[in-house]
Amino acid sequence: MTAGPLVVLVGPMGSGKSTVGALLAERLGAPYRDTDADIVAAEGREISDIFVEDGEEHFRALERAAVATAVAEHEGVLALGGGAILDAGTRALLAGLPVAYLSMDVDEAVRRVGLNTARPLLAVNPRRQWRELMEARRHLYEEVARAVVATDDRTPEEVAQAVLDALELKDV
Ligand code: S3P
């Protein structure tokens, strides 16, 4: 039985989970881990290839397992893929953990993610897809979050500081 992650970051793609997660890890003197990277390493292929070759459902099954493993064994900063919270079992796993939801508004999202083809869910009509995606997910991010941290017009350093403050974590 481990103590569990110090921080779990959730939020949509482009909200800065990896950048902020790496900064938080540095501030907390703890390792950083990212379930997207775990899946890519285990599968030996990019996430966009998993989506194209095997479909989203298969990716979600890989993701569910990756999150369960990481939550059980990681004691540092953990960032989850943007859609991980779609799974009810994953949401149950996050109950009671120090989860921060990095939020951002639509304009900011389209600016940051735009037409990035490595993000398969936003490849076509990003603004409309973004709206639909957030309508489906916003309440799920809020459900799992202990803290909601807005990222609009903030630098990654400012967001990291806001996460530390909101979760009452002390840096090293
Ligand atoms: C996804 C977000 C991505 C990645 C996959 C699906 C999503 O992760 O897991 O492309 O459904 O929002 P990031 O949030 O790290 O970009």
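Cβ from N, Cα, C; glycine included.
What TrEMBL says about this one:
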type	residues	note
BINDING	GLY14, SER15, GLY16, LYS17, SER18, THR19, ARG119, ARG154	ATP binding site
BINDING	SER18	Mg(2+) binding site
BINDING	ASP36, ARG60, GLY82, ARG137	substrate binding site
Binding-site residues whose CB lies under 6 angstroms from ligand 1, from SER15, GLY16, THR19, ARG60, ARG137: none
Residue among binding-site residues ASP36, ARG60, GLY82, ARG137 with Cα closest to the Cα of GLY16 (ATP binding site): GLY82
C-alpha spacing of GLY14 (ATP binding site) relative to GLY82 (substrate binding site), in angstrom: 9
Distance, ARG60 (substrate binding site) to LYS17 (ATP binding site) (CA atoms, angstrom): 19
C-alpha spacing of ASP36 (substrate binding site) relative to SER15 (ATP binding site), in angstrom: 15
Coarse DSSP state, helix versus strand versus coil, of GLY82 (substrate binding site): coil
Cα-to-Cα gap, GLY14 (ATP binding site) vs ASP36 (substrate binding site), nearest whole Å: 13
Secondary structure at GLY16 (ATP binding site), reduced by DSSP to three states: coil
Rounded distance in angstrom between the Cα atoms of ARG60 (substrate binding site) and ARG154 (ATP binding site): 31
